[in-house]
Amino acid sequence: MYANFKKNSTQVKNKELPAVVPKKYFKKWNEQKPYAELWMGTHPNGPSYLTAKNISLQDYIQQNAEILGSEVNKKFGLSLPFLFKILSIRKALSIQAHPDKDKAEELHLQHPEIYKDSNHKPELTIALTPFEALCGFRPIKEIKEYLKLLPELRAVIGEDIVNQFMMIDDSENTLLLKNCFYNLMTCDHNLVTLQLEHLLKRLSCLDQSSQQILNADLLRRLYLDYPGDVGCFGIYMFNYITMQPGEALYLGPNEPHAYIYGDCVECMACSDNVVRAGLTSKLKDIKTLTEILTYKCEPLLAKKFHGYCEDNYTEVFQPPVPDFAVAKIVIPSNKMNYELIPRSTASILITISGKAETDTSQILQKGSILFIHANKKIDILMLRAFSNRIISGY
């Protein structure tokens, strides 16, 4: 099977693409431009195809309903309920959130030209390289500390609402936090630009320790890509999280986030629904975003999502939604044969590194993608004596 790539100014190397997607399937191929996203699934914005059958995965499923498994057929009909991706990010993605199912349907009904997808989009991210993101609101106490230290942030939010916010205790106060965030995101662009310039100039005069406390390096990086964008101030409202390869992050509906840098695997409900408000040149819908956010404040450690061991080689990440789960499989060099655990639903498997052969003589190497029928057993034979890491969504 091959999947669709999305182009962007990021770091996926074109020389690696032929191992994943035959060039003949590209209508336009530009070796000077890197590719940012690999989509695996049936979403119409980036549908996958079965190379051996020269048919789209969606058409194949329509013609062979049983391959999805009875559970999926009953819950989702003749449709793969998840979308599987590889992302490679150099330039930060937008501050955004994905509405819940009811809100997604409402937005699609009211503004189909903007919100073309009516499905929700909870998502799970697993880092492949050191990875950076903004995720969820910081604890109230942390936001207050930044407001004390940053007159520029107070200026763009407004002193009156800041003073009200500073008087509350450190438990959550959704309304005042919402007001602060709305004032920030709707601040006059000229004032935002002026205060960002003041802040960057002031930070450059501080000692290294103070710069670190105030996230000076991160602010400079975001400002370089998005000069004058109010989203640059988001680093003081949202948790800044760093992840090592193998660590995961789950983002439920209506949770603000922005991916900043790194490579990751992402699995989500089959949707391309997004509401943006900063760090982007695309359409911003600040009113909708501020309305749908949960304004739940959590410490940094609460944001990481942990899997469980299914066997000695498989770690399963199972979020609280029926649409998808992800299994990370690491086969060590001393394990020459391994049988993939059969799933009651259809799944997609991608090889991240290493080389192996299945019992049907299919070669798995970096970038190889398989669509696996429900309840299908697959044996893997290692061909080279080094670790084989496979990640599958189901």
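Cβ coordinates come from backbone N, Cα and C, glycine included.
The Zn(2+) site in TrEMBL is built from Gln96, His98, His257 plus one of Glu71, Glu113, Glu123, Glu247, namely Glu123. Ranked by Cα separation from Arg276 (active site), the binding-site residues Gln96, His98, Glu123, His257 are led by Gln96. Each of Ala97, Lys121, Leu251, Glu255, Pro256, Val274 belongs to the same chain as Gln96, His98, Glu123, His257, is absent from that list, and has a C-beta within 8 angstroms of the C-beta centroid marking the Zn(2+) site. Here the recorded positions are His98, His257, Arg276, and the one ringed by the most other CB atoms within 10 angstroms is His98. Look at the domain 'Phosphomannose isomerase type I catalytic' (30-139): DSSP puts its residues at 28 helix, 33 strand, 49 coil.
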